[in-house]
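As recorded in TrEMBL:
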type: DOMAIN; residues: 19-472; note: domain 'Major facilitator superfamily (MFS) profile'
type: TRANSMEM; residues: 20-43; note: transmembrane segment
type: TRANSMEM; residues: 63-82; note: transmembrane segment
type: TRANSMEM; residues: 94-112; note: transmembrane segment
type: TRANSMEM; residues: 124-147; note: transmembrane segment
type: TRANSMEM; residues: 191-211; note: transmembrane segment
type: TRANSMEM; residues: 320-342; note: transmembrane segment
type: TRANSMEM; residues: 349-371; note: transmembrane segment
type: TRANSMEM; residues: 377-402; note: transmembrane segment
type: TRANSMEM; residues: 414-435; note: transmembrane segment
type: TRANSMEM; residues: 447-468; note: transmembrane segment
């Protein structure tokens, strides 16, 4: 898609993009914390405030892992709470509540230690990070689902991926705030408090931006509030509630929920195995979020100053500056991916290119670190530093933004809440694991850390090639047909060079499966009703 077409697309669907940007503001929370703590931990003022400067190297690595990972523990707990409350109260109200929880936790972090001892201050700091993590976990589970459920299918992938773009924006801003605090502020308590105070700003903006946004149309249909669902679909498409596309989409959502409305969360978990197709669709979202964590990105995000130091960039300010450039590279890369690749390349190709590139960069960094363990600069050191930045580019092409789109699209409508709860729970569980073990891995096995992540990048690339069909361009209600039969054949048809492995085998076209499904559904209706509905459904491009 060229710049002119992209701008025309944004103008046409400006309400949809506004909604996506508003909900994605919540992802800034997580991105901000990723960049924030990695830099704050390197500030001498912070180390002195909590007695870290007196710890041994092993104790310091353990402390760093604890202070970073405690927020992921809160996030995991927040995700587990989200399913029940969002099914009952709706996506919008729970998103606003998550912002308020985050703000309370962040404020406590910023003022911790005023008038208390180091021991008490540290306990409160742990608690406040856990509490803020509950809000971050809630928004991470809700934002992709909310956006995916509201978007017209033509821009659904791009808009869902804005979640990752906002994450990178928050990360980049926190990198530069840390750098500014390091070079422009005296070494005092305010030096480390200032970045923590500034993180309140995106929280306030998120709550304010979400207030005027509509509720998810699929949640409204589930609650049998059909007029409100039509109003939301009309709003995001900038059309009338009587538009045939709006009416058709509401009817398709209703049909998808027939006999499945008001399903309790426990029942949703039980229904994940109701059929082979449903089980596959419920399994793929947690697989992609698992791989998203084990490609090593958070190892670099949280501990980039230490990693740059190991490659020869010494000094706190220099390390934070290099980290700030890393954040800027990620923002630019994900912006270009959203504008030109997410919808034109498709989900599968983006994940393949991203995974392969990340794997090669990680293996290079690991190999260089094994051959040259010293922190002195040699010509190959510059190549390794560039490899870190290229790793960020490849991450933003594929495994940064696309897993959220894939997980949100593939999850069955009637089991979306439970499926995404598991997917986001897996994401946070292994985010916690990675952030906890990375400083220990860097200390104990050094270069082996990068070789481990590089190998896993190659494994996930192979999985995408053989097992993940392309979901671009399909309505949410039609994605089920991709997994009903010939799933692996369809995945190879969508893969570059994949037809080589198939010989003459081909998958059943989705259009043919859709017609057969509607014929079965209509078999009990009158001839007139069947004729009218078949004419209405025939044009699948009408669906939002």
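Just so it is clear, glycine is given a Cβ too, placed from its N, Cα and C backbone atoms.
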Long-range neighbours of the transmembrane segment (349-371), counting only residues six or more past its ends (CB under 8 A):
291, 295-297, 310-311, 337, 341-342, 380-381, 383-384, 387-388, 390-391, 393-400, 402-403, 406, 446-451, 453-458, 460-461, 464-465, 468, 495-496
Distal contacts, the transmembrane segment (320-342) - CB-CB under 8 A, six or more residues away:
1, 3, 6, 35, 38-39, 42, 157-158, 161-162, 164-165, 168-169, 171-176, 178-179, 182, 300, 304-305, 308, 313, 350, 385, 388-389, 392-393, 395-397, 400-402, 405
Which one, 20-43, 124-147, 377-402, has the most C-beta pairs under 8 Å toward the transmembrane segment (414-435)?
124-147
Beyond the flanks of the transmembrane segment (94-112) by at least 6 residues, Cβ under 8 Å:
23, 26, 29, 74, 78, 82, 85-86, 121, 124-125, 127-136, 138-139, 142-143, 146, 193, 196-197, 199-200, 203-204, 206-207, 210-211
I need to check the long-range neighbours of the transmembrane segment (377-402): which residues 6 or more away from its ends have a CB within less than 8 Å of a CB in the stretch?
157, 160-165, 167-168, 291-292, 295, 297, 300, 304, 307-308, 311-313, 322, 325-326, 329-330, 333-334, 337-338, 341-342, 347, 350-358, 361-362, 364-365, 368-369, 460
Do any residues of this chain, six or more beyond the ends of the transmembrane segment (191-211), have a C-beta under 8 angstroms from a C-beta of it, and if so which?
21-23, 25-26, 28-29, 32-33, 36, 39-40, 43, 45-46, 49, 92, 95-96, 99-100, 102-103, 106-107, 109-111, 139, 170, 174, 177-178, 181-182, 185
Averaged over the domain 'Major facilitator superfamily (MFS) profile' (19-472), what pLDDT does the prediction give?
87
